[in-house]
Amino acid sequence: MPSPGTVCSLLLLGMLWLDLAMAGSSFLSPEHQRVQQRKESKKPPAKLQPRALAGWLRPEDGGQAEGAEDELEVRFNAPFDVGIKLSGVQYQQHSQALGKFLQDILWEEAKEAPADK
């Protein structure tokens, strides 16, 4: 009869070999990928918001209720994806700063485009 150390060693090696085989099969087996996707999708993504912008984007004074029907969503793709949702009142307050920001980014892209060619 093998010693307990040998049995434990064989079990450990078997588990490591199984993990290695499972890691290699995800590329070849679509079923294993589906299982991984199900495991990852169980937790809903948390909605993060920087603390410095908390009052600017979501006013706690209840003023959003009157302008909730005219909400504006802005999305653009510079070197990264950016999305902003503003109510009508918030857009009126910050439209100049937002326009300048977009203009600066698009102007930089236009300057860099001929240099790349």
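From the backbone N, Cα and C atoms, a Cβ is placed for every residue, glycine too.
When Ser26, Ser87, Ser95 are compared in Swiss-Prot, the O-decanoyl serine annotation sits on Ser26. The number of other Cβ atoms within 10 Å of the Cβ belonging to Leu98 (leucine amide), over all protein chains shown, comes to 16.
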